[in-house]
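As written in Swiss-Prot, here are the features:
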BINDING   GLY166, ALA167, SER168, ILE232  NADP(+) binding site
Amino acid sequence: MTAQLIDGKSIAASLRQQIAQRVAERRQQGLRTPGLAVILVGSDPASQVYVSHKRKDCEEVGFLSQAYDLPSETTQEALTDLIDRLNDDPAIDGVLLQLPLPEHLDASKLLERIRPDKDVDGFHPYNVGRLAQRIPLLRPCTPKGIMTLLESTGADLYGMDAVVVGASNIVGRPMAMELLLAGCTVTVTHRFTKDLAGHVGRADLVVVAAGKPGLVKGEWIKEGAIVIDVGINRQEDGKLVGDVVYETALPRAGWITPVPGGVGPMTRACLLENTLYAAETLHA
């Protein structure tokens, strides 16, 4: 058996097309264009690439895109003032603060400064709390995108044993809550987990988001399991690889996401989807 690929690029392109169509309809109805402000502090190369992709996505679907590229020495006070201005700007539906930030800045305080109804990344404690209470509003983009990928497989998630490898605030923890909402029995593993291979081997669904290349071995995967690899790691030869050993997981899994071209495109598409939702529902 060889796993079927979950094509994140194709699914994300379809979602962007739907969003672009809705933006065009809004214009025809005389409604304003959804607006996204993206703040980049410093010159981290990976962040610059991510931000350029997000701005290109905005142009593709017809969003208003405002870019704020700030020097690495930008102060906490200056960033707070900028966020406050964007919070009060009626043309802006979403405010995105690109992480990581320079060490002298308090990311938690800045993320909490973004108004919850403009927190299109879904990182604000209010939005995470809504998800935990089973009444999600703006959902964290990567877990939300993964749920869309899972829907594309047609798999019935109810009653599945799901394992989330990695307990980060951005992916692991909200992912576990999304899977609980979908009816899975969820185990979250982390750096103190004693028998990672055993947990993975019992799982019908594995979501790996640890940022460690090759952490999950293909032979650990249960026959026919769904494997979602969130990791994206650049090797010395420049090749991008995930947290799962893809070549050995492929013959065992039922469905698997490639790296690149799996989860990443969906994260970006869900950022657009959240921004459109904010414009149409929260700022109507």
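Each Cβ is built from the backbone N, Cα and C atoms, and glycine gets one as well.
The structure, with features from Swiss-Prot marked on it.
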| residue | record | Cβ neighbours (10 Å) |
| --- | --- | --- |
| GLY166 | NADP(+) binding site | 23 |
| ALA167 | NADP(+) binding site | 18 |
| SER168 | NADP(+) binding site | 16 |
| ILE232 | NADP(+) binding site | 17 |
Largest C-alpha distance in Å for the NADP(+) site residues GLY166, ALA167, SER168, ILE232, as a whole number, is 16
GLY166 (NADP(+) binding site), DSSP three-state class -> coil
